[in-house]
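Here it is: the structure, laid out below.
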Amino acid sequence: MKFTLSWLKDHLETDASLEEICARLTMIGLEVEDVDDKAAFKPFVIARVISAEQHPNADKLRVLMVDTGSGEPVQVVCGAPNARKGLVGAFAAPGTYVPGIGVTLSVGNIRGVESRGMMCSEKELEISDDHTGIIDLPEDAPLGTSYADYAGLDDPVIEINLTPNRPDCTSVHGIARDLAASGLGTLKTRPAPSFAVEGETPVKVRLDLGEDRHLCPGFALRLVRGVKNGPSPAWMRQRLTAIGLRPINALVDITNYLTFDQGRPLHVFDAAKVAGNLTVRRAREGEKVLALDTREYTLSPANVVIADEEGVESIGGIMGGEHSGCDENTTDVLIESALWDPMNIAKTGRTLGIITDARYRFERGVDPEYMAPGLERATELVLELCGGTAAKMDVVGYDGHEPRSVDFPVSEVRRLTGLEVSSEESVSILRKLGFGVEGSGERLTVTVPSWRPDIDGRADLVEEVMRIHGVDNIVAAPLASHNAVNGKILTTLQIRTRQARRALATRGMLEAVTWSFIPEGHAKLFGGGQPELKLANPIAADMSDMRPSLLPGLLAAAQRNADKGYGDVAIFEVSGTYEGDTPEAQRRVAGGVRRGTASLNGTGRLWSNAVKGGGKPVDVFDAKADAIAVLEACGVPMANVQFEAGGPAWYHPGRSGTIKLGPKIVLGAFGEFHPKTLDALDVSGPLAGFEIYIDAMPEPKKKATRTKPALELSPFQAVKRDFAFVVDKGVEAAAIVRAASGADRKLITAVNVFDVFEGASLGEGRKSVAIEVTIQPVERTLTDEDFEALTARIVANVAKSTGGVLRA
């Protein structure tokens, strides 16, 4: 939002300097982004060329004698094609800095002729890009005076960075209101427009929107006859130029001026070019309009237009049509002031790719109560600058604004901000901002003004009081220090999430972040696809469903790496999956995928390429080891964990497993992927993966503490004994491990399987499972008798649990 200092002072009575105004704007939340102060133009003066002779040594140069108003002519060498006797322009003396060329002038010698200054073009003064000739001013321009003063370039331009929730400050008047409320001056009030009206406006307006009346809640129209449309006055042209707008003609400039002055976008139609009455309606499919930017737009029923009997004349709230635009031949003009639905304006603007000052304001919300007064003010300016006779205003559809009231306890200011603001000051601030305030003491009833659609509740009112009172008045204070140990900062779920990440990274896996949205087919393949998990507005057709599992995204990521030459990858993710649309149906899961030879010691491990090209393909045991690593890192009691053969349908039925804690708690699953799953996802293997449900893990029995438990070490040497048991093929190795561990849980610290053998010598349907048992004495060195007794218990436990016998 741009405006000039003098423009602001049309609305604000203040003696504050430019620096004070900019500082206060930033303090009250209207951040000043840039200040363009043309004070550097002061040295440029208005001068007249009193003679122009051909340069003796150059065909394209002329030697000018220039009257700068000082009484003594100055010689200047100039190459501008329009340099001539009698021309009045802007002169720069030696020592003047010329911003357009970045040079400080000095007395020069050009092809043997001395030059003591420069006649400047608009580009050299950075007024425009025009450098075809030097500035050509009217003959009555006062010689010797500052060109900046004459051209209005002495007026600093302030640009503020508006947040979307402040539509009231898309006008100079709204900005002045905020400054006045902060104590920097007094807000000026303009008397209501007063002018004579004659007759009715013959062009009628019909709102043809059916049940979608919200698309155009109000429409006001007035005819002004007998106008003379020429250039707008210099003061208006200067202000529009200063903020980057191009003056066109008086009628158009008035609408642009009021857009910034009052935040009220308007539009003018040449009445002679409008066929019959106007209708506000949805555009028809494929309907076209040639807009004022000379571009043709193809419309759809999603767009709201203003049309006459022959077609579209304007894209409502965004841009008018070229056909009914006003030019120097316009004598009768229709002035329109309307209200438009912000959401529809935003969608139409994005769809058509049109950015205008009107769209900028309507999509944020304009003051509905200023629709008719804005038209009155525009009419007043048209009559003042263009003459003519105004007809009566015709208002259609507007039912008035229903003000909102907010119950406001004054103590909320202190509770939410820490500021001590008295009730009287809070009331004063709100009233200066235009709020209606009733009541006294602690509780107030505040009525929100029509120009503040962003105010919705108490917190918004607190913000208003805080920013006007001054954010810099908040006293910095350290947090209270209590001589006690801080409570637990992270939840158990957060701690376990961190532990899972570290454990998997330690195993050489790389963390990935995949989309939470996946194709519907992939979701159904992994147990999802429920209607409540479909996205209402997906960002892409293949991102339609919330994921029920991390594995589809990880498998796709692994395949993308393989397609680019990185086939041996090991990646993991710890994130959320979704079984329903309730908070309880969102799960925290640690999942991972290994591809190719990316086992723990394979090529997928970042710090070891020892077996590159000859590594063993990943299998179910790699995935199982990863899953166990997560469980151990999260503190799950592994002695109670059970592994069952078989997993979900997306795993290979004979090369997968399910991890349980008791009969009901499922901790996760792992395995190699089913060939049908890989085909459906269009990925190639070998691939193995796992998922661990972190939120299914039971809470630790011991209370969380920052203190690590004491490390208990035995002074006695650990002893390892090997056993080989012959069992039926259907017996799981885990059953043998559990049975051996149960022989003496105090002395036996680890049981590991190191060999499985099947052969004819063992008999039909039999196999040999070899285990290594680690025995750790605690209180004393064990005797041979102790080892023999423990060995007997191990053999007996395995025989009882599995029917296994020691292999001879």
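Glycine is treated like the rest: Cβ placed from N, Cα and C.
Per Swiss-Prot, the feature domain 'tRNA-binding' maps to 38-148; the stated evidence is sequence analysis. Annotated domain 'B5' per Swiss-Prot: 401-476, in sequence order. If you look up Swiss-Prot, you'll see D454, D460, E463, E464 marked as Mg(2+) binding site. Among the features that Swiss-Prot reports, domain 'FDX-ACB' is placed at 714-807.
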Taking only same-chain residues 6+ apart in sequence, whose CB is under 8 Å from that of E464 (Mg(2+) binding site), what do you get?
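Non-local contacts for E464 (Mg(2+) binding site): I429, L430, L433, F435, I455.
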Quick check: which same-chain residues outside D454, D460, E463, E464 lie with their CB within 8 A of the centre of the Mg(2+) site CB atoms?
N165, R452, I455, A459, L461, V462
Name, in the order they occur in the sequence, the residues of the same chain whose CB lies under 8 A from the CB of D454 (Mg(2+) binding site) and which sit 6 or more residues away.
N165, R166, P167, G365, D460
Would you list the DSSP helix, strand and coil counts for the residues of the domain 'tRNA-binding' (38-148)?
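Taking the domain 'tRNA-binding' (38-148) as a whole: 6 helix, 40 strand, 65 coil.
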Quick one: mean pLDDT on the domain 'FDX-ACB' (714-807)?
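90, rounded to a whole number.
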Taking the Cβ of E463 (Mg(2+) binding site) as the centre, count every other Cβ atom within 10 Å, in any protein chain shown.
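That number is 18.
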Using DSSP, tally how many residues of the domain 'B5' (401-476) sit in helix, strand and coil.
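So the domain 'B5' (401-476) is made up of 32 helix, 13 strand, 31 coil.
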Within 10 Å of the Cβ of D460 (Mg(2+) binding site), how many other Cβ atoms can be counted across all chains shown?
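Taking all protein chains shown, D460 (Mg(2+) binding site) has 16 Cβ neighbours within 10 Å.
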For a three-state summary based on DSSP, what are the helix, strand and coil counts in the domain 'FDX-ACB' (714-807)?
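Helix, strand, coil within the domain 'FDX-ACB' (714-807): 31 helix, 32 strand, 31 coil.
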